[in-house]
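Asks: I'd like to ask you about the structure that follows.
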Amino acid sequence: MAKRLLVTYALWALGGPVGLHHVYLGRDSHALLWMLTLGGFGVGWLWEFWQLPGWVARANDTQEPRPRSPEPPALSPVRFFGQVLVGIYFGLVALIGLSSLAGFYLLALPLAVGLGVHVVSSVGDQTSDLRSTLVAAFLTSPVFYGRALAILPVSLTASVTAQQCRRYKPCRGTRATLRARLYHLGLAYLAFTTPLAYCAFCNTAATARYVADAIGAVLGWLSFFPTLGSFLEQLLLLPYRAWRLLTEGAGFAAGSFQEWEKVYEFVQSFQSERQQLAYKVLGLRDGAPVEEIHKSYRELVKLWHPDHNRHRAEEAERRFIEVQAAYESLMQPRKAKPA
């Protein structure tokens, strides 16, 4: 049955973040990836707007198929970045949902990261060797045993291995029925979400603590980029605020959801703490006027400029960056306010 471009765009607009248009076009690996990441965290869903005509044409076999030569596909930095990112994402989900299992860092974590990397490897007309990807993940994980930081090197190693083993998918034979495809996609989705849902509702306190620690680590890494950190804070708080609007006054905010309110308060406290630290770095009292902020910033920038402190270059560079970050942190909210 021929695929229609108008139908594809309609499905992309109505159910793109859950991959409905990919199911329609027979791109099941891409559909699964979108289901598990809500459209590539929203960015991938918007980015693929211009690619839909080519995918529809390929699904209808109106374009010449890609050659299935023994040569591997060209290296794609976008695909590699996606493999690393989704591998980390799968690892974080496993950390939240399965970390109580014995041998988590030896079994569950490398398996989750490796599968996340392989899902991205299988998007489109390419794939990779699942066995090699998993072996790389399992060999890397014990080196960082017991550390949440293990997710990053495991994902990097698995992604590099997947890129080295990349190849084109074999030519398609008879396609499975829609019912069978949806059945397999549903099983994969349940396998991914069930442990997370169990921990979120049955082991809420520990899950909330893991989420709060992860958010705190990310926001801590972004302390020198106040604008990006502020944007990420607001993005992280959107689901909670939406839930509050839907359940306000309905008596649904009791019980286990109180733990998630603590996570909300934890994230919200970052902004006030960062502002207090910024005032301290600039040597000002809390709530100092803009004129004092400008004056202190100019003085400290001159004082700690690396060119004026060659005898203590490392300290000067660190202080110089701290002053700039503190100044931006205090001035950004004022810039956002209308005149």
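The backbone N, Cα and C atoms fix where each Cβ goes, glycine too.
The domain 'J' annotation in TrEMBL covers 277-339. The transmembrane segment annotation in TrEMBL covers 6-25, 32-50, 80-98, 105-124, 144-162, 182-206, 218-238.
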Asks: Could you give the residue numbers and ranges of same-chain residues that sit at least 6 residues beyond the transmembrane segment (6-25) on either side and whose C-beta is under 8 angstroms from one of its C-beta atoms?
Replies: 31-35, 38-39, 42, 45, 48-49, 52, 55-56, 59, 178, 181-182, 185
Asks: Could you give the number of helix, strand and coil residues in the domain 'J' (277-339) as assigned by DSSP?
Replies: 50 helix, 0 strand, 13 coil
